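If you check TrEMBL, you get these features:
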DOMAIN    3-64  domain 'TRAM'
BINDING   302, 331, 352, 401  S-adenosyl-L-methionine binding site
ACT_SITE  428  active site, nucleophile
ACT_SITE  428  active site
Ligand SMILES: C[S@@+](CC[C@H](N)C(=O)[O-])C[C@H]1O[C@@H](n2cnc3c(N)ncnc32)[C@H](O)[C@@H]1O
């Protein structure tokens, strides 16, 4: 039954049917429209209060849960619900994998509209918690108060916070006591920084007024045990900066790389900023199958290192190498896939837009004594052209791992034009991958598909597709 309540509608006893895109679950209203509901699990029966109404759907929140789904699990994190980071922590991992697989299948079917083989089983991550090697936290002088805190009636005052942005709120920071995504000593480092900064009255950033010393904190960990900590200050105050960094160096002698940035810009991205080394070296080392990869403060590196190894093994297997192939690794980043497959190839050519990443790729290849990889920098749609092919040769295999937007149409056209016998398409967004596969359907047949879960507790999923000439 539905009743109106100041523009908001309450639907009672609604069964949650599906887990949809962006980690939000889906139910059907009595009028047939879809209702998107966060923090519930398929199989739950709930009352929903809507807060948004559109032509085709409602958005609402569950006010009462009448029946708990058998797919539910108790979230391990005290911040679940308020923090947007692990939206599926209340769903059993086997179910998370089921919905991730379904998302890839639906995208490839509905958007791609191509003939598909039976999928290989989605590869789950062995570690479902503490699997991330990089976390970024923000400082704020106005801690986000949860609805429970507000309704408690206690005087909260303004408090400093160090944690994550509340979803869709750029100026609200949830104070994080324990995050289950990164291994120790990540939590201890963050909590000690907050304690020390508060005790020593170092000011936390105010994003509305643009004032306060402490802005962001990045912690990177590696399977080698190396740790990088980088603090971003809004302005330079040598005394306060050194007070904090010296404290960190002494309290956590295991930090391999201690760095900082002074960023007075409006936004807090560090990619156009100088990163200054305070102690140790300016990179940490990650290791995979005997290969060493140096990671600096700005480097892209797959955030789940253990599962990146699995992803790369599938990619290499799909490439079907004999040792005689010329491979192009498009969107190579720091050249990790290129180097990973290089032993089984005659030659690998990596192309990437970020110059620093290509610098790293070259340094890493040298460190790994790899001599059959060459790396080139530039926007793919401009670099990957007839002249490039004439200079470097006709590839036997193309491996492509584009960003979320997928490949530019000119890049797809170029692949179709040079038509290598095999293409391995790695994607973190199966919707854009499906669009590109549809374009490639004129010449290529999808031979294998294998989703890989790099991000347990979230709705994100990676997908590897093998294409061969028809
Ligand atoms: C998903 S990452 C893949 C990185 C790498 N394959 C790995 O596994 O570490 C996508 C890469 O594409 C690069 N990129 C984004 N747009 C690009 C463009 N237009 N031309 C070339 N590279 C681009 C990004 O800088 C990023 O390194």
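Including glycine, each Cβ sits where the backbone N, Cα and C put it.
Summarising the S-adenosyl-L-methionine site geometry, the residues cited as binding it (302, 331, 352, 401) extend over a maximum Cα to Cα distance of 15 Å. Sitting within 8 Å of the Cβ centre of 302, 331, 352, 401, and not among those site residues for S-adenosyl-L-methionine, are the Cβ atoms of 300, 329, 330, 332, 333, 336, 337, 402, 403, 426.
For the pair residue 352 (S-adenosyl-L-methionine binding site) and residue 428 (active site, nucleophile), the Cα-Cα distance reads 17 Å.
For residue 428 (active site, nucleophile) paired with residue 302 (S-adenosyl-L-methionine binding site), the C-alpha to C-alpha distance reads 11 Å. Long-range neighbours of residue 331 (S-adenosyl-L-methionine binding site) (same chain, six or more residues apart, CB within less than 8 Å of its CB): 351, 352, 380, 400, 401, 402, 403.
In this view, residue 352 (S-adenosyl-L-methionine binding site) is surrounded by 26 other Cβ atoms within 10 Å of its Cβ, with every protein chain counted. A strand conformation is recorded for residue 352 (S-adenosyl-L-methionine binding site) in the three-state DSSP classification. Applying an 8 A CB threshold to same-chain residues 6+ apart, the list for residue 302 (S-adenosyl-L-methionine binding site) reads 308, 311, 336, 454. Mean model confidence for the domain 'TRAM' (3-64) is a pLDDT of 87.
With the fewest other Cβ atoms inside 10 Å of its Cβ, the least crowded of the recorded positions 401, 428 in this structure is 428.
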